[in-house]
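Peer 1: Here it is: the structure, laid out below.
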């Protein structure tokens, strides 16, 4: 059987370790030249497939591919472009198959979150209907940690580490200034519906470093009065308070506290900044001087402080995705299965995309403390291993030495263009 080519694309918000997954895919594919020819990457994600804007990863040296493991963000470009329903816009999916057929692509690796899992499943279903042989594998990635079945999502562990470290360091800072200056620090973190990232801030405080923290989770209805009492108690007992707030907290009316009224391309409510809203509330009602910050891109781009566990898992799911495809599996996702908390042990298994697509994993309520503003010991047991270990990139001139690929374009074979 002749070798067939593969297509790899990155989707949605990038992470500190998504390129490690790309590295896992590419290095593993290169080990099977008799089965996989060239791995093409989509320039700017799935949009690259629709527009036949493909990148020939075969033009990259082994050293450059290896360097992806320690390089953040998306080396081939990503996108926030959601393919519509299969019946609603069949033309988009047929276009993908058309491009795949033109370039003899028999393997489809889509590296992203929940929406990407849905797209991968639909492409698999359509290829089967059209009689086009294709192994479609979803490579998990999301800092939100909200994909089902898998113990955790590659990308989350490094964000969790960044937030835990940042909250600890900022809390030390505000604690030292509180007597005569700022006594409130508010940090806004990502997490539209799931409070995993906010929970990671709770790791900043432990038996060795007791810090005055209040965490606002999207799983809990935001009650301004209860929140203000909690903050006031912390300031009175510790002299200061650090607040970690998820961007997705909602009020009793069900609306996002930070909702701006518009929606993004996925139809999700576009959120403004919740940190200044919370900080202003504290100032107005309690009179405390504050500083606020939004972790934003910093939390997901911080490869210099990535979790070694996260890097290893990101690479592993990329590698496993190729191995699953070569075994003939399709419409699956490499899922991480935890076999032990301490020491932390895990393995990879194949999860059906039918059970992954359009399912959002919330943080268990038993991970939130009884007062609603902290994390429990069960949550700590879950989170701690995910931020363990350091995996520093090489440095040059005092800065991380990341790789920029050549990203050589593949000549187009189709006469028809496709607009997105």
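The backbone N, Cα and C atoms fix where each Cβ goes, and this holds for glycine too.
Per Swiss-Prot, active site, proton acceptor is recorded for 144. Per Swiss-Prot, diphosphate binding site is recorded for 13, and the stated evidence type is sequence analysis. For 142, 143, 144, 190, 191, 192, 247, 297, 298, 299, 300, the entry in Swiss-Prot reads substrate binding site, with the evidence type sequence analysis. If you look up Swiss-Prot, you'll see 115 marked as site 'Important for catalytic activity and substrate specificity', on the strength of sequence analysis. What Swiss-Prot records for 141 is site 'Important for catalytic activity', and it gives sequence analysis as the kind of evidence.
Describe the structural surroundings of these features, if you would.
Peer 2: Long-range Cβ contacts of residue 144 (active site, proton acceptor) within its own chain (separation 6+, distance under 8 Å): 113, 153, 156, 190, 191, 192, 193, 194, 196, 197. Look at residue 144 (active site, proton acceptor): DSSP puts it in coil.
Around the Cβ of residue 13 (diphosphate binding site), the number of neighbouring Cβ atoms within 10 Å comes to 20. For the recorded site, residue 13 (diphosphate binding site), the DSSP three-state label reads coil.
Taking a C-beta cut-off of under 8 Å and a sequence gap of six or more, residue 298 (substrate binding site) has these contacts in its own chain: 162.
Residue 115 (site 'Important for catalytic activity and substrate specificity') carries a helical DSSP state (H, G or I).
Here residue 141 (site 'Important for catalytic activity') comes close to 10, 11, 12, 15, 18, 21, 111, 112, 113, 116, 153, 154, 155, 314: these same-chain residues lie at least six apart in sequence, with C-beta atoms under 8 angstroms from its C-beta.
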Peer 1: Taking just the CA atoms, what is the gap between residue 115 (site 'Important for catalytic activity and substrate specificity') and residue 142 (substrate binding site) in Å?
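Peer 2: Just about 11 Å between their Cα atoms.
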Peer 1: Greatest CA-CA distance (Å) over the residues 142, 143, 144, 190, 191, 192, 247, 297, 298, 299, 300 that the record ties to substrate?
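Peer 2: Of all Cα pairs among the recorded substrate binders, the widest measures 17 Å.
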Peer 1: State the count of C-beta atoms found within 10 angstroms of the C-beta of residue 300 (substrate binding site), not counting that atom itself.
Peer 2: 25
Peer 1: For residue 247 (substrate binding site) and residue 13 (diphosphate binding site), what Cα-Cα distance in Å is obtained after rounding to a whole number?
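Peer 2: If we compare the Cα positions of residue 247 (substrate binding site) and residue 13 (diphosphate binding site), the gap is 15 Å.
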